[in-house]
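Below: one structure, written as C-alpha cells.
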Amino acid sequence: MVHYENEVPTGTKGLYLSHYTNPDGVKRYLLTTQFESTGARMAFPCFDEPDLKAIFNFEISYRYSEYTAIFNMDPIGPPNQVGDRYTVKYQPTMKISTYILAMLISDFNTDSSGVSADGVKVRILGRKEWENETNWALEETLSVVDGLSEKFGYKYCNAFPEPSGADGNCKSDQVSVPQFGAGAMENWGLITYREYYMHIDQARDPFRRKYYSTSIIGHELIHQWFGNLVTCPWWDEIYINEAFGSIGGYLESMNNVQYEWEDEYLTTQGYSGFTYDGRNTSRPMVNNANNGLLKVETPNEISRQFDSIAYNKAGSVMMMIREVIGEDLWQAGLRKYLKDNQYTSPTWREQLQAWDDVVPDFETNTDYGENDAYKPASLTEAFTPYFLQMGYPLLEISKYGNSGGQYTIKHSRFMSNNGELSQPESDYGYEWNVPLIFTDKLDKRYIKWIKTSCEGADTIIALAEDAVIDPNAKTWHRIKFSDDIISDYASNNRVKKRQAAKTVQDVYQMAISPRYKATVTYADAMKATKLLANFPAEKQNWIVYREMTDFNTFASRLVAATMDFGAGTGEAEFAEAFRSYMFGLVNNNAVHDSNNYQTTPDRCYPDEDGVGLPRDESKARMAPYVTQTQLYYASTDQSFFEQAKRLSDKLVDNSLPFLQQSADTRPDTFIGAVIKEEAALTDPINAANTPVINHFVNKLQLNNTDFKCSSTQLSYPLYSTEKNLNCELHRYWNALLSIRTQEGYYKLYDKLPVELQPVYTVEAAANKYLFRFIVNSFATIKEPIDVKNYLQTPRRLNSLVSNSCSYMTLQSDLDLQMAWKDELLDWTDESNVNIRETRDNCVSNILARSANFKNDYASVRNWLCADLNAAQPGSCDWSKDTIVFA
C-alpha cells in the first residue's frame, strides 16, 4: 500500500478546488476533477496511460453535512459519520482507464433526476438556485442514453459490473462545474460540463444555445461506448474516441426537438475539418505512422492531438463510410467493433476490419460501387489513405463533349496555401480512393470509384445522363463544378439543400484561398449562389440561408466603399444591383401557407403579432438567417422592417416583454426597428414619433454604467438575477448602434446620457455606414486637446482607430488614417496602449484587404453586369465606375 498526500490546487487540472458565489454573496467551494489526458497522476500515483485499464475501489472522506461526495460508481451504502467526517465507499469500477475516473464533493442540488426506460438513473447536479434550469439537460440525457444503447446494441448499463449493472440499474450523473477548462468530460457515470451547457431557460435562451447543449450532451454520452468501453491505445489515435463523440453530438435527441443533424454536422464539424485539413500543416488521423519524425510523448504533445483532425475530419470520414455502405451495415460494423473489443484498446485496423467483416463482397457488390473501371478490393483498402495521410482531394468536374453522361474530372490534392502539393512526404502520395456518388433522373443512386492524383490529372468517366453528383455532400473532398453544370443544377430542381450549400461553400473557399484565387474568382462563388434560389424559406432549409452569410463581409465592404458615390454613378448602380440580386435570392424563396397565399420571409419569425399567441419553435433555427439576410439586403420599405417595428412597439407597451420575444431574433428585431424609425428621427415634423428608440434610450438612462452582457463562458447563465437588466440593455445598445446616416447619428447622440456619448462614438466607429465621417471628425481636428478632452482616455481613441479599420479599402480611407496627428498617435497613460502601432497595423490591413477586395469587386461587378445584360440587353453599363482602391 502507498501512502500519498497531496495539497489540492486551484486551476482546472487533476483534482482541484473550484468555487462559486451563492445568491447571499457567500463563496462556496467544491472539489472536482479533470483527468484527461494526464491529470490522474496529479491526484494519486498511477500509470496514467489510456490502454492501461484497471478495476478501482474508492472511498471518499469529507466534512460538512450539507456536502455530498459523488464518484463514477454508486455508493455501497450511506455515508459513515465519525466525528465531523463522513466517509463513503463505492462499488468497484468496471475495467477503466485512469483518465475517465472522476469525483465531486459539493453542496450541489441533487434533486433534478429521472430514470430512463432502460433503467439508467440520471441526475443533473449544479447550484441549488439554478435547479429550475436543468429540465432541458435532464430530458435530453434520458433520451440520448437510451437511444444510443439501442443504436449500438449494447445497453449502457451492461458496461457496469453488478450490482450496478444488474437489471439496468446504473447511473449517469451530469455535473455543471463553475471553473472548468474543457467544454465537457466523459467520465464514466459522472460527466462534467461547463455550466453554460447544463442550464437552459426556454424564454431566455436562443435555439442555438439549446442545440449546443444537446450536441455536447450527445458527444459525452456516446463516449461511454467510444472512448470508455473501447479506448484508443495511445493519444496519437485519439480520433478513435473523438470521431464518434463528434457524431454523437447529433444523435438520438428527444423527439420534440427537430434537429437537421446531418446539416448541423456538415456546417460545424465538416466545414471546420475541411479548413484545418486543407493546409500543409495538417496531420494524419492516425498520428503514429506516415508523419515523418513526429512523436506524441509529452503532455503538451498529447494536448495538441485534441484538434480538428481528431474531432471533425475523423467524424466526417466515419460519415463518408456510412454514406457508402448504408446506415444498417455501418451500424452493424460498429456493434461488432464494440462487442469484439470491449474494455480493450484496438487500433484503426480493428475498426476498419469490423466493417469489412459485415460488408458482403465489397469488391463485387455494386451497392458499394460499379466495378467497370476501378474499385478497391475491400473497405479497408478503400479508406486507409484517409486514415493514414493528411489532406483530401479536389475534384473539378465538367462535361465531356456533347454526349450525355460523360464527364471530365480533374483531380488533385486540395491545399489552400501555396505550399508544395507533394509535401510533407506521404507513403500514399496524396492519392485517395474517391467514391463518386451520383443519382440519375429517377433519383436512383450509384457509386463509381476513381483513384485521384496529387499534382493533377484528368479522368473521363461515364455517369448517368443529367447525373446529380454528390447529392448528399457526405464525402471527404471538395468539388468545383463547371458553369454549365451549375446552370443545369439551378434549373432542374433536383439538387438537394445540403449539396447546394456545400457546392457554394467549396467554390467560396477556393475563391478566398491564396492558391486558387488566380483561377477561381469571387464571381465564381456568386454564380454558385443561383443554386440557393430553389429552396423556400422554410425551417428545414436553414443550411441554404446559412451559406449566404459567407458573402456578408463582401456586402459590408461594398456598402462602405460605394456609399459616398451619388445616384447615377457606376459604383452606386453596382451596389444597388448586388443588393437587389442577393435580396432576390431570399425574397423569391417565399413561404406558401395552406391557402397558397404567398408570404414574405419575415413570416419565418418565431414570434407572432397577436399577443399571447405561442411562439413557433420550429422556425427558430431558420429565423436568424432570414432576419440577418433581410438586414443586409432588404430596403427599409420591405415588410421585415415593418414586422420588426410592430414587435418592438409591443415591447414598448409591454404587451410582448423582452423575455417573451424570441431569443433567436430579438437582436435583429430591435435593430430593424431602430433602422425603421431612423427616418422619423431625422424628420423635424415626425421626430417625436420614435417610441422604440426613446424606450431604448430611457432604459439606458436607468442604468448607464453597466450595459454589457456577460460572457457565455462565465459561471452564471445569461440574464440571470442582477444581470437580467444589463443583458437586456446590451441588446438595446447594439440596436442603437445600427443607425445608418450621419444625421441620424447626431440626433440619437443628443438623446443619450452625456457619460455614454463618447462610448457611443467609439463603438459607432465600427458601423460600416458611419466609420468614415467619425474618423474624419477626429483625425483632421485642429486641436488634439479637444479629442483628448472628449474621449478622456487613450484607450478609447485606440479602440476608435481599431474599430474604424474593419471596412476600409479605398485610397481615401488610407489617407484618413495617415491624417492622425502625432500628438494623438503618441497619447498614452498607465494602460500603455500604443495608438500609433494600432494605426500602423490598420494601414497594413487596408493595403492587404484592398488588394483582395479590388479583385473581388471587379470580378463580381463584371459577372453581375453580364448576368443583367443576358436577361435584359443594355440594362447594365457601369463604365462610369471611378472608384480608387488603396
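Every residue number used here counts from 1 along the chain in the order it is shown.
A Cβ is built for glycine as well, from the same backbone N, Cα and C atoms used for every other residue.
TrEMBL annotations: computationally assigned, not manually curated.
Taken through DSSP, the domain 'Aminopeptidase N-like N-terminal' (2-100) splits into 6 helix, 39 strand, 54 coil. Per TrEMBL, domain 'Aminopeptidase N-like N-terminal' is recorded for 2-100.
Look at TrEMBL and you will find 136-349 tagged as domain 'Peptidase M1 membrane alanine aminopeptidase'.
Its Cβ taken as reference, His223 (Zn(2+) binding site) is surrounded by 24 other Cβ atoms within 10 Å in the chains shown. Annotation source TrEMBL lists Zn(2+) binding site at His219, His223, Glu242.
The active site, proton acceptor feature in TrEMBL is assigned to Glu220. When other Cβ atoms within 10 Å of the Cβ of Glu220 (active site, proton acceptor) are tallied across all protein chains shown, the result is 26.
If you take the C-beta of Tyr311 (site 'Transition state stabilizer') and look for same-chain residues 6 or more apart in sequence within under 8 angstroms, you find Glu242, Ala243, Gly245, Ser246, Gln269, Gly273. In the three-state DSSP scheme, Tyr311 (site 'Transition state stabilizer') is classed as helix. Residues or ranges marked as site 'Transition state stabilizer' in TrEMBL: Tyr311.
Neighbours of the Zn(2+) site: apart from His219, His223, Glu242, residues of the same chain with C-beta atoms within 8 angstroms of the site's C-beta centroid are Glu186, Glu220, Ile222, Phe226, Gly227, Asn241, Phe244, Gly245, Ser246, Gly248, Gly249, Tyr311. In the predicted model, the domain 'Aminopeptidase N-like N-terminal' (2-100) shows an average pLDDT of 95. Long-range Cβ proximity for His219 (Zn(2+) binding site), meaning a same-chain Cβ under 8 A and a gap of 6 or more residues, is found for Ala184, Glu186, Gly245, Ser246, Gly248, Gly249. According to its DSSP assignment, Glu242 (Zn(2+) binding site) is helical.
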